[in-house]
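Engineer: Before anything else, here's the structure in question.
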Amino acid sequence: MRKSLFTIPLLILLTLPILSLSKQVCNKDDEKVLFKIKQSFGNPYHLASWQKTLDCCQWYNVECDLNTSRIIALTIFQGNISGQIPNAVGDLPFLQTLVLRKLTNLTGTIPSAITKLTHLTMLRLSWTNLTGPVPSFLSQLKNLNFLDLSFNDLTGSIPPELASLTNLGAIHLDRNKLTGVIPDSFGSFKGSIPDLYLSHNQLTGTIPKSLGYLNFTVIDFSRNQLTGDFSMFFGPNKTIQITDFSRNSFEFNMSAVAFPASLTSLDVNHNKIFGNLPQSLTGLSFQFLNVSYNRLCGQIPQGGNLQDFTSNEYFHNRCLCGSPLPACT
C-alpha cells in the first residue's frame with residue numbers, strides 16, 4: 001500500500017503542540033526569585049498560582065516578555081499580603097513594572113534593592129502602611145516615567161534628587177505625612193514635566209519661584225500648610241489644565257492674575273486670597289471652579305460659564321457679590 005506524502009509531515013505537526021506544552025518557558029532564575037518573594041510574604045493564598053507545576057509566565061500577578069520570557073511586570077493588588085517588601089524584588093533584572101497596591105498589611109521602608117531594577121518604568125507602592133522617608137535613591141531609576149507612593153505613612157522631606165528623573169510623567173506623593181518645603185529643584189525638570197500630586201501632607205513654606213519657569217499640566221498641592229503666592233503657574237502662554245491649591249494659607253491679590261485658556265479646573269477654597277475675580281475668567285470653559293472661603297471682593301464677572309456654578313463655590317468671601325450670589329449693592 002502506497003503511503004501518503006503528507007503522512008510524515010502530518011505526524012510531525014501533531015506532535016509539535018505536545019512538545020511545546022512540555023517545554024519550560026519561564027526563566028529559572030526569575031522563578032527562584034519569585035518563590036523567594038512568595039516565601040517572604042508568608043506563602044499567601046493570593047499567590048496560590050505560584051506553583052512549580054505551572055510555568056511561571058502563566059502565574060497570576062506576573063507578566064513575561066513575549067520574546068525573552070523574562071519577568072517584566074510584578075503587580076500585586078488588593079490581597080492579604082503581610083510583611084515588608086523583600087530585597088529579592090531587586091533580583092528581577094528585566095522588571096519594568098512594580099506595583100504593590102492596596103496591601104494594608106505591607107509595612108517597613110522602601111528597600112534600596114529596588115535601585116537594581118534599571119529597566120523600571122513604573123513604580124507604584126500605594127495604599128499600604130509603608131513608613132520611613134521617600135528615598136533619594138529612587139533618583140537612580142533613570143527610566144522611571146511614573147512614580148506613585150501615595151496613601152502611605154511616609155515621613156520626612158521630599159528629596160530634591162527626584163528632579164533629576166527626566167522621563168517622569170507623574171509624581172504621586174499625596175496622602176502621606178511629609179514635612180518641609182517643596183524642593184526648589186522641582187523647577188528644573190528636564191525633558192518631561194511631570195504632573196505633581198503633593199496633597200494631604202504637612203508641607204510648609206512658599207512655592208519656589210523656579211516652578212513658574214516650567215509649564216505644568218496638573219498641580220495638586222491641596223491640604224498642606226503652604227503660604228505665599230501660586231500665581232506663577234498661570235500666564236497667557238501657559239498650558240496648565242487642572243489645579244488644586246485648596247486648604248492652605250495662600251495670601252495674594254488675584255485681581256491681576258492672567259489665567260490661561262487651557263485651564264479647566266481651579267480649586268482655591270479655604271485660603272486668604274484677596275482682590276477681585278479677573279474678567280478674563282469669563283473666557284475659560286471651567287469643568288470645576290471653587291473660590292469659596294477666601295477674602296475676595298467685587299462682582300463675579302458675568303459671562304462664560306461662571307454662573308453655572310452654585311453659590312457654594314463662591315460662598316464665604318469678604319464682599320463677593322453678583323450671580324449666583326446676592327446682587328451687589
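Each residue, glycine too, has its Cβ placed from N, Cα and C.
Among the features that TrEMBL reports, signal peptide is placed at 1-22. Marked as domain 'Leucine-rich repeat-containing N-terminal plant-type' by TrEMBL: 28-65. What TrEMBL lists as domain 'Disease resistance R13L4/SHOC-2-like LRR' is 83-175.
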Engineer: With Cβ-Cβ distances below 8 Å as the criterion, list the same-chain residues six or more beyond the ends of the domain 'Leucine-rich repeat-containing N-terminal plant-type' (28-65) that contact it, or say none.
Structural biologist: 71-77, 79-84, 86, 88-89, 91-92, 94, 97
Engineer: Tally the residues of the domain 'Disease resistance R13L4/SHOC-2-like LRR' (83-175) by DSSP class, grouping H, G and I as helix, E and B as strand, and everything else as coil.
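Structural biologist: Secondary-structure breakdown of the domain 'Disease resistance R13L4/SHOC-2-like LRR' (83-175): 20 helix, 26 strand, 47 coil.
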Engineer: Averaged over the whole of the domain 'Disease resistance R13L4/SHOC-2-like LRR' (83-175), what is the pLDDT?
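Structural biologist: Averaged over the domain 'Disease resistance R13L4/SHOC-2-like LRR' (83-175), the predicted model reaches a pLDDT of 98.
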Engineer: On the DSSP side of things, how many residues of the domain 'Leucine-rich repeat-containing N-terminal plant-type' (28-65) fall into helix, strand and coil, could you say?
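Structural biologist: Going by DSSP assignments, the domain 'Leucine-rich repeat-containing N-terminal plant-type' (28-65) contains 19 helix, 3 strand, 16 coil.
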